[in-house]
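Taken from TrEMBL, the feature signal peptide applies to 1-20. As annotated by TrEMBL, domain 'NADH:quinone oxidoreductase/Mrp antiporter transmembrane' applies to 23-286. For 56-76, 96-115, 152-171, 178-196, 202-222, 242-261, 281-304, 324-345, the entry in TrEMBL reads transmembrane segment. Taken from TrEMBL, the feature domain 'NADH dehydrogenase subunit 2 C-terminal' covers 290-342.
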Amino acid sequence: MNPQAKLVFIFSLLLGTTTTITSNHWIMAWAGLEINTLSILPLISKSHHPRAIEAATKYFLTQATASALVLFSSMTNAWHTGQWDITQMTHPTSCLILTSAIAMKLGMVPFHFWFPEVLQGSPLTTGLLLSTIMKLPPITLLFMTHHSLNPTLLTCMAIMSAALGGWMGLNQTQVRKVLAFSSISHLGWMTIILSFNPKLTLLNFYLYTLMTLSIFLTLNTIKVLKLSTLITSWTKAPSLNAMLLLTLLSLAGLPPLTGFLPKWLIIQELTKQNMAPMATMISLFSLLGLYFYLRLAYCATITLPPHTTNHMKQWHSHKPASTLIAISAIASTMLLPISPMISAIL
């Protein structure tokens, strides 16, 4: 792709995201979402592979439907209340339609079917954008309207997302699909706490973004797309693979790594809200995710699984890892000690 064109699309992406997260009026938020969608489409389909074109088409259709529903819910609310302000979303039907629209935008259960397919058809760098920055505007809208949304519906969708994200990731051999189901599972954790402590939702999203950034950049450096190539990648950059192991375990939420922090705070808050059964259920479902993270970690570093086919070992690369990978990997494994400070802020 032409570098100038790529720069235009990246700037449009940042413009759309900024427009949505800073707007108070529904039309401005909708316009930002549309700019976002249109600017990511060329980045998804830049390889011109049939799978990439299919991914771009699926992404366009789902996002266009979700944007139409956002517009419809805001118009319905304006019709009944005369308010176009995002925080004044009070009409029950509008809130229900908005919840469905945002769930479709994010790829939450039961609107999750497009996300693994789109991520599988995209390059790793575009997959990183889809998993992180593209989720920021919809999560901001959820944050701004959280007082109006139905807590029971959000809890049900969150539990289902955590369950399906864990179950459907178990049998995957493609790394991007595993990370897509991981994203769906993490959305469940973000959504379940939204009605009770929305700041925890944002904290979970920021830390998830940090860990996902580290994993995608590492995979892009060692050029890994599926488990069979991950098995032989340790010879290329052993230290980078060791950090990949820790970052994957952090994404799974194991103590004493960074990923344990949001899960710990969310379980604590749910228990305070007399929702201990829900906290237990979502914790058990996250164990399903732990299995496929361990599978990835096992393939990445621990040992060579027995295979009938002979694998070619990759050449050792002496090129140092980028500073961004180093910073994100350290931050995504070692932030747990500052949890008292984060708790005080929240």
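Backbone N, Cα and C define each Cβ position, glycine as well.
TrEMBL annotations: computationally assigned, not manually curated.
Note that the coordinates shown come from a computational prediction; the quantities given were computed from them, not determined experimentally.
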Examine the transmembrane segment (152-171) against the transmembrane segment (202-222) and state whether at least 3 Cβ pairs sit under 8 A, considering only residue pairs 6 or more apart.
no
Which stretch from 96-115, 178-196, 324-345 shares the most C-beta pairs under 8 Å with the transmembrane segment (281-304)?
178-196
Taking the transmembrane segment (96-115) as reference, the highest number of CB pairs under 8 angstroms among 178-196, 202-222, 324-345 goes to 178-196
